[in-house]
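Straight from TrEMBL, the features:
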TRANSMEM  A:12-33  transmembrane segment
TRANSMEM  A:45-69  transmembrane segment
TRANSMEM  A:81-101  transmembrane segment
TRANSMEM  A:107-128  transmembrane segment
TRANSMEM  A:140-164  transmembrane segment
TRANSMEM  A:176-197  transmembrane segment
TRANSMEM  A:218-235  transmembrane segment
TRANSMEM  A:241-262  transmembrane segment
TRANSMEM  A:274-299  transmembrane segment
TRANSMEM  A:305-325  transmembrane segment
TRANSMEM  A:360-379  transmembrane segment
TRANSMEM  A:385-408  transmembrane segment
């Protein structure tokens, strides 16, 4: 069975995403005043956030899935031509939507409609592809759970854009909370969980692990998400605290499995990029603990929760993506450029395609910038927010150039 | 030297690009058989099912073995049972991966 994907498909998504990543950071740099004030619900921040989450994180996730689903699920992509059309529709939609959110939010719904079409095309593509998998496993449930959350996120997001344009739907804030939760914790977290069960053993060369916490992790995390959504709609603080507790336990179950996989690894010295993705798991778990504690002691101010969401997005989702991307792109490019040369001539190893020293510097800078940004914002030190966001923008640009450099090896 | 031994020696030159270790020391090759017409059948595995390097390594093995003059046809069978385990690695591979 031929399961190879045309490299141009995942690469189109990844290159678009890297540009969006830099654009998002530039926009956030010029909006650092709003960041200091904890004013996240402003057009500029919406624009930056959607370039970051839709333009970067979602597009990377889509590109990575076009590459990983065939190899991990042993089933070819349903239609690669449809995939290219989906790329153009989504790229145009995301760009239009993010810009309109920043400059003319009252008509952003039209860009949003194009995004919805692009995402629905992607979901259709993945559901048909994955449904052809011969034998279901836990990874299938995580990925299908993630896709379901993605569908609901995009519907909730469209309702929000509709409301900004026409204002006919009540419960705007409840829909917003549902949209954010299903997007960052539902779609991205379940997706990273699912693929980590493939990628962590693969990159650490681990064998003989049990994955015994995978099912409890999936069930618990989904129950936690449902509890949180219920709490938003019922406006019930107790259910919300219970919900944060349950998702924290779900994350902890996943963490137990990763710990076992790493304990049973053959490759003792981990690559910097992969170690960074593993660090993101610790950060994700830490933020879940903090979210539960903050909810338990009854802190409900918007700035605290906004910065927690920011930390979750950057420290867990974006750091995971940045770490894995540095492993996925070399595999992609190596397969395209050198796969037919194995056994014929000396070909570079994957580690020859990346600069580990550079990665160490870049990943350290990302950690310093994100921590510095959050601390200086919480302490209301405007100049430091501006400096750290500026440094984050430069680091993002350097990271992007480092990934693009792989394509010239 | 028998043809099987020549093929085995050639396979030390096929490197797993992720690990930087050749497939013989990794213990990925389970069997090499040659018939009287010098058709070679190689039975091997990979470190993990769904490895993105599946086709690359299989094609590399085919190409390298075909370079041996006496070899007529080459067939590479990838199997998953028995599954690969770290115990199949040579001491050299274990040392290279820090697993010794």
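Using the three backbone atoms N, Cα and C, a Cβ is placed for every residue, glycine included.
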Between the transmembrane segment (A:274-299) and the transmembrane segment (A:218-235), do 3 or more CB pairs sit under 8 angstroms, pairs being 6 or more residues apart?
-> no
Under a Cβ pair cut-off of under 8 Å, which of the recorded stretches A:12-33, A:107-128, A:140-164, A:274-299 contacts the transmembrane segment (A:81-101) most often?
-> A:107-128
So are the transmembrane segment (A:176-197) and the transmembrane segment (A:45-69) touching or not, going by 3+ C-beta pairs under 8 A with a sequence gap of 6 or more?
-> yes
Lying 6 or more residues past either end of the transmembrane segment (A:45-69) yet within Cβ distance under 8 Å of it, the residues of that chain are 5, 9-14, 16-21, 23-25, 27-28, 31, 34-35, 39, 75, 77, 83, 86-87, 90-91, 94-95, 97-99, 101-103, 105, 115, 119, 122, 126, 129-130, 143, 183-184, 187-188, 191, 195, 198-199, 313, 317-318, 321, 324-325, 328, 332
Report the listed stretch (A:12-33, A:107-128, A:241-262, A:360-379, A:385-408) having the maximum count of Cβ pairs within less than 8 Å of the transmembrane segment (A:305-325).
-> A:360-379
